[in-house]
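S.K.: Submitted below is the structure of interest, expressed as structure tokens.
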Amino acid sequence: MAPPSVGRKSKNISKGKVDARTLKRKRVEEDLEKLQKSVDELDAKAEIKNFSELPLSGPTSSGLEASHFKTLTDVQSKAVPLALKGKDILGAAKTGSGKTLAFLVPVLENLYRQKWTELDGLGALIISPTRELAIQIFEVLRKIGRYHTFSAGLIIGGRSLQEERERLGRMNILVCTPGRMLQHMDQTAAFDVDNLQMLVLDEADRIMDMGFQTSVDAILEHLPKQRQTMLFSATQTKKVSDLARLSLKEPEYVAVHEAASSATPTTLQQHYCVVPLPEKLNTLFGFIRANLKAKIIVFMSSGKQVRFVYESLRHLQPGIPLLHLHGRQKQTARLDITSKFSSSKNSCIFATDVVARGLDFPAVDWVIQLDCPEDADTYIHRVGRTARYGKVGRAVLFLDPSEEEGMLKRLEHKKVPIQKINIRPNKTQDIKNQLQNMCFQDPELKYLGQKAFVSYAKSVFLQKDKEIFNINDIDLEGYASSIGLPGAPKIKFQKGNDAKNVKNAPRAAIESSDEDSETEKKPKKKDEVRTKYDRMFERRNQDVLSGHYSKMIADDTPMKDVDGTADADEDNDFLSVKRVLPVDNDDTSDDEDDDDDDDDDDDDVAATGPLGKVIEGISKDPIVIDSKRKEKLLKSKKKLLKLKDRGTKLVFDEEGNPHQVYELQDEEDFRAKGTAEEQRAKFLEEEAERVREADLLDKQTAKDKKREKREKRKAREAALDDDDEEALELVDAGDDEDPMALLKSLPLPEDEEDEDSTARPAKRPKKWFEDDSDDERKVAKRKGRVIEAADEPETLEDLEALAAGLLN
């Protein structure tokens, strides 16, 4: 027989592959039909303890087993069966009860049963209030969904927007925060949510709160109405308005611990202690020093308090690693700090409520609430960072005496068992003097302390529950002294909006609106010449606290409205003194700024307005800001110096008492010293005595000068006498002596010329027209008169005549 052809064999192979694909597709469809049938037959009210008892797909079961999830918690056993059937769910359970898996497993299963692929677009959207919680949910999703073929993405702020845009259109499951999700819905053209099947809100009561109200409403407008919605939180909302906004259809309320005697885990030991506000830092430092081998979370009201306490205690070196986390940090820093605290065995982290919800830090021993939480729900979420998954944990709440009664009522209403403890005085450590020393040596730390003080006072003032938070019952002066400040900063409180609306408003939206309004109002500045002095004043220190320092001492802060409409997140409102007074239309107080010739005519129009702003404290008289010229005046340090009071010069007497340079007496003091004639006579006597003393001093000075001159003359004469002793003496010549000996000893003019000639430079060479006679005439002219002796002197008269000629 002839061998079979090669073409026929290839056709058989390709046909076998097609048959294998077809069989696999049929097998998958059969499995899906069985799975769907099992889900339909599932009894949602049945008690299920293990994941293996649920009708789950193979990839999900493998992912759960690989992640070591085998047993269901209470909330999972009740919520997962309902979610698999496609029901809308309102889930409420204690912190650390496994709510994350209760919605992630149904998300994977429902998309798997619908054969969801990359081409189908976005199938599930999971929204969390904070970035850290979104990252944690995404990591759990990656673990249990590792065997699925879905594409999942994490959309949070602080990351590259362009990279997210490029990948967003291919995602099947998204974990996000509200702000960044809304930004992509408005700006990313390739992002489509029309096929969305499931919407999950983790920590739903926080997301539906007024802080995210605008963002969530805008997101819901983009989403389709036909979808499955699940809400999970430890403190679930039941407001009809919130549920109507989400378009829930016959939602199932799952509250496994609603009938429990406590809203917190039973393994959590909860205590509170009454500590006056000025003593809180001392108590906290003593507590940290006593628990160096523990893992501690300390909650505070604001990020500025977190910064100040961290920077202060870091210098004191308590003996345990310190970390701090707040919402104003960069995303990379927040991730780094979160991972460090999670992996550490013993450390202390100072944080705001940004870590109060959902985050799962392993093995947290203590949760310390340095500041009173705004409500009982916030307290429950804060203490939920410890005692998770049945483990033991401890929590301590520091309460001011004015906060004790009201807060205990709120906790009792929420079924929170808490016991009072007393702190021994010897367990606290007084760090007041050390903080004062640090603030004195480091001005930037002092200004950061002022910002922390203002931020805390503002947070108390803006709280809605006045039964707990009353700014008048708090010792602000003592608190300022306890954090090292020389005195309490002056704060002018203004009426603000609702506390949560102000506190939880998105900062990005506030900043963008402020920038837009500034750009509309302020015209573009002209290009001006910048001198070296301008650059010198624009320099700033690049320190870790330089930003806080510059904000506290900035004198060119833009003025804000005084009707309470300014941004409540800014602290400058509380540090400035402003009021509104009527100003006459004919006010002409612009004398200082008449040299500004390049101002427009609309400045004068603005000056005729019915109202003006009055600023006190800069000069002796209040400054009325009723025109644009006056507003520009506030930005010029040179012009403000003209308005400030000039200093007065003082002189100090021998005892150190200050006096004015010119002090005038009144009439009574003058008469007390006597009549005018008596004072005149007394003045003349004093002046005469002063003149006599001055004469004596002058005479003594003259005598001293004469004596000094006489001593100098005597010294000079004595020096001359010494020279004369060395000179030659003239005596009568005897018969044996040569009469020419004296004259021969005297120097002759020729010798002097020879001596001088030795010191002079060499003569220049003669020219061709010069001869010796010319040289001799020049020498004779220079030497002057020369005595020529024709014959040698023989008698004494001849010698005397020769000597007289030489001497003359």
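Note that Cβ sites are derived from N, Cα and C of the backbone, with glycine treated the same way.
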S.K.: Looking at the candidate ranges 20-48, 49-77, report the one that Swiss-Prot labels motif 'Q motif'.
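M.R.: Motif 'Q motif', as annotated by Swiss-Prot, spans 49-77.
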S.K.: Labelled region 'Disordered' by Swiss-Prot, one stretch among 1-20, 81-100, 161-180, 261-280. Can you tell me which?
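M.R.: So the range that Swiss-Prot calls region 'Disordered' is 1-20.
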S.K.: Run through the compositional bias 'Basic and acidic residues' (670-705) and tell me, per DSSP, how many residues are helix, strand and coil.
M.R.: 33 helix, 0 strand, 3 coil
S.K.: Averaging the per-residue pLDDT over the domain 'Helicase C-terminal' (280-439), what integer do you get?
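M.R.: It averages 93.
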